[in-house]
Structures are given as C-alpha cells and as structure tokens.
C-alpha cells in the first residue's frame with residue numbers, strides 16, 4: 001500500500017484541479033442565465049455556486065460517481081492489476097481537467113460529464129481493449145445526452161407559453177404573477193427534494209424509505225413551501241412592487257397630458273389659419 005501512496009497524493013491534487021476546472025466552465029450553465037438577466041450579480045452567483053455545487057455533489061452525486069467508477073468499464077478485469085486501474089483513473093481525471101481548463105480559456109461552454117466519460121472510456125480502450133468497456137451502459141449515457149436537451153427544451157417551451165399566456169400578456173401581470181409564485185416554488189422544492197431522497201447518497205439513509213414515503217414527504221414539503229411563499233413572500237413583494245406601479249402610472253398620465261396639450265395647440269393653429277385662407 002505504501003508503494004501506491006504517491007498515486008493517492010497525485011490523484012488528490014489532480015482531483016482538486018479537476019474540481020476547479022469544472023467550476024470554471026460548468027457553473028456557467030447553472031448561473032449564466034441568472035447573471036445575464038440581472039437576477040443575481042456575478043459575486044452572488046459565485047457564492048451560491050460554492051455552497052450549492054458542493055452540497056449537490058454530496059447529496060446527489062453518489063450514483064453518478066458509482067457509474068463513473070464501475071458502470072462504464074469492467075473493473076473486474078483489473079483485479080490483478082489495481083495499479084493499472086489507479087493510473088488510468090488519474091490519467092482520465094488529468095485529461096478531463098486539462099481540456100476543461102483549455103475550453104474555459106477559449107470561452108467554450110462544454111460538459112464536464114462528457115469529458116470524464118470520454119476520458120474513462122479512452123484509458124480503458126488502451127488498457128483492455130473493447131472488452132473493457134460496458135457498451136450497453138455507454139449507449140444509455142449517450143442517449144441521455146440527446147434526450148435531456150430535447151426534454152428540457154420542450155418543458156421550458158411549455159412553461160414559457162403558460163407564463164406568457166396567463167401572466168405576461170395581461171394588462172396588469174403582477175396579480176397573476178404573485179398567484180403563480182407559490183406554485184413555482186412548490187414545484188421546485190418538491191422536485192428537488194424528491195431527487196435528493198430518491199437518488200441521493202446512501203449515507204443519508206434515504207434508500208431505506210419506500211417510494212410512497214418519499215412522495216408523501218416531497219408533496220408535504222412542497223405544500224408547506226407554497227403556504228410560506230403565499231403568506232410571507234408574496235405580501236412583501238406586493239409592497240415593493242406597488243409604489244413602482246404608481247410611479248409608472250403617474251408618468252403615463254403626464255405623457256398623456258403633454259400629448260393632449262400638443263394636439264390642442266396644433267388644432268388651435270390650424271383653426272387660426274383657416275379664416276386667412278378663406279379671405
């Protein structure tokens with residue numbers, strides 16, 4: 001074991017560099033739209049990413065890590081050559097880290113998942129050939145790369161259509177927007193909590209809960225969240241929005257008055273010119 005200590009230390013250092021490269025490139029996928037729309041500042045996005053990317057990897061990363069560890073390659077083929085598997089894993093991390101850093105420097109938004117999957121497959125092909133790769137599992141992963149953006153695009157299109165139809169196109173979108181806010185919060189909390197409990201790390205003990213129990217807890221938490229937003233968040237937002245609405249109404253009234261005055265002046269001038277033209 002002492003002879004492999006240097007590989008462990010090297011692997012830790014490269015894993016740290018890989019995590020840094022993932023943060024440099026992949027976090028933009030999570031917070032790019034929020035920063036671009038002005039919802040959060042770049043500084044706030046970095047703080048949120050530091051906290052929630054770490055929490056997310058701990059709570060939801062167990063099954064993904066398991067797939068990368070032994071779902072893509074046949075690890076039983078390395079039972080007698082553990083050092084080869086260790087060297088291959090370190091090489092995969094190094095290759096993935098370098099490419100993501102290069103992509104970040106070139107301002108290319110790439111997927112960290114694609115990088116590590118490709119790197120792992122690459123080292124296994126060199127070490128054990130085609131037999132060392134679980135092609136059926138790889139096919140599932142590749143299919144998910146095509147299905148995921150398609151499904152997310154369809155869902156976002158439906159959601160935007162509903163928001164535009166029932167909120168944005170109204171004469172006063174604020175009331176409907178405030179009514180929809182608890183629903184959005186409830187769905188977000190419910191889905192996230194279900195994901196954490198259903199696919200989370202075994203060390204949390206959620207794998208022992210039955211499906212109906214997970215559904216019940218998720219639904220109950222979503223309802224509680226909706227009530228909190230409706231009774232506490234919405235009134236505060238309404239108080240902040242109403243003064244701004246009043247200011248906008250005053251500005252509109254002033255503009256209308258100015259337009260009326262201009263129109264009246266034009267009418268008076270045109271009336272004053274007619275008698276001279278007739279004479």
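Backbone N, Cα and C define each Cβ position, glycine as well.
The feature signal peptide is assigned by TrEMBL to 1-19. Among the features that TrEMBL reports, transmembrane segment is placed at 40-62, 83-102, 138-163, 183-204, 211-233. For 241-273, the entry in TrEMBL reads compositional bias 'Basic residues'. Taken from TrEMBL, the feature region 'Disordered' covers 241-279.
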So, does the transmembrane segment (211-233) come close enough to the transmembrane segment (183-204) to give 3+ Cβ pairs below 8 Å, pairs being at least 6 apart in sequence?
yes
Going along the chain, which residues at least six beyond the ends of the transmembrane segment (138-163) come within the CB cut-off of under 8 Å?
67, 72, 111, 114, 117, 121, 180
